[in-house]
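Quick look at what TrEMBL annotates:
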- 3-49: domain 'Transcription initiation factor IIA gamma subunit N-terminal' (DOMAIN)
- 60-94: domain 'Transcription initiation factor IIA gamma subunit C-terminal' (DOMAIN)
Amino acid sequence: MTYHQMYRRTTLGNTLQEALDELVDHKLIQQRAAMKVLQKFDQCISIALSSRVKNRLNLKGHLKTYRFCDNVWTLVMEDVEIKDSSVIMNVDKVTVESTRRQYPSKRYA
């Protein structure tokens, strides 16, 4: 099963990528090993977020653009009010990316 690479653009994913690039540049690991680490990151973060995170947010704002490409919805909203159970936050712009939940097999190789 392949996992989406959207979480590579997070702070955690970017930091991992930078660390792997540095290891490859110093010839401490091969590029192929770095790619395997990133693929494992994609798998682990997808499984962890889908199975462990139960928080919900409500977003209310103006939908500026949207698109559906490669089974990924991308929504760009402006003047957004974000609510959870205890906090209300107002922001100028939010980009939401959503993909279909993947149900991994029982084996975690």
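These residue numbers are counts, starting from 1, taken along the chain as shown.
Cβ atoms here come from the backbone N, Cα and C positions, even for glycine.
Please treat TrEMBL annotations as automatic predictions, because they have not gone through curation.
Predicted-model confidence for the domain 'Transcription initiation factor IIA gamma subunit C-terminal' (60-94) is 94, expressed as mean pLDDT. When DSSP labels each residue, the domain 'Transcription initiation factor IIA gamma subunit C-terminal' (60-94) comes out as 0 helix, 29 strand, 6 coil, counted as helix, strand and coil in that order.
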